[in-house]
Amino acid sequence: MASKRALVILAKGAEEMETVIPVDVMRRAGIKVTVAGLAGKDPVQCSRDVVICPDASLEDAKKEGPYDVVVLPGGNLGAQNLSESAAVKEILKEQEKRKGLIAAICAGPTALLAHEIGFGSKVTTHPLAKDKMMNGSHYSYSENRVEKDGLILTSRGPGTSFEFALKIVEVLVGKEVADQVKAPLVLKD
């Protein structure tokens, strides 16, 4: 069986923990992760001035698809950049059409709203993004730290990044693998 594949879309202003933790956890689980720079392959300055080097440009990574999951990190500016991107819209629409998993954290779910993805789903976001996400009646809101409704998986913020990442692993490769990855991380239960 071929290993599962993940596309993490990295935009300027993305939240560092919400990018790096899911990438790390998915790679520990044997998922082939591509970090794709929205604006190209150049290093990306994140919300707290950490710089991350993408594996590929989004344009190049798109050619290597499809992916089992598309991941959207949060960060206000990062989410805004994802929301304004026609390329992100195209990738998300394609992922939704082929019934692939879409995972977004913190302010990242606002890009789902902007691109009309997963309407009717139950979602969660960072508390500061709730009002924007609930503008209209496109989603129902959950206060859960991680919420999965069908093929839409959302989470609340930096402090839920491990839970979010482990849920992606569980969905893609199973709870047993997620538990094996979790054990050496020494997370609080």
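For all residues, glycine too, the Cβ spot is worked out from N, Cα and C.
Database features, via Swiss-Prot:
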MOD_RES   Cys106  cysteine sulfinic acid (-SO2H)
CROSSLNK  Lys130  SUMO cross-link
MOD_RES   Lys148  N6-acetyllysine
MOD_RES   Lys182  N6-succinyllysine
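Everything Swiss-Prot records as a feature, shown here on the structure.
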{"residue": "Cys106", "record": "cysteine sulfinic acid (-SO2H)", "DSSP class": "coil"}
{"residue": "Lys130", "record": "SUMO cross-link", "DSSP class": "helix"}
{"residue": "Lys148", "record": "N6-acetyllysine", "DSSP class": "strand"}
{"residue": "Lys182", "record": "N6-succinyllysine", "DSSP class": "helix"}
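The modified residues recorded for this entry are Cys106, Lys148, Lys182, and the Cα of Cys106 lies nearest to that of the residue listed as 'SUMO cross-link'. Around Lys148 (N6-acetyllysine), the same-chain residues six or more apart in sequence whose CB sits under 8 Å from its CB are Thr154, Lys167, Val171, listed in sequence order. Sequence-distant contacts of Lys182 (N6-succinyllysine), defined by Cβ-Cβ distance under 8 angstroms and a gap of at least six in the same chain, are Leu166.
Every protein chain shown contributes to the tally, and the Cβ of Cys106 (cysteine sulfinic acid (-SO2H)) ends up with 33 other Cβ atoms within 10 Å.
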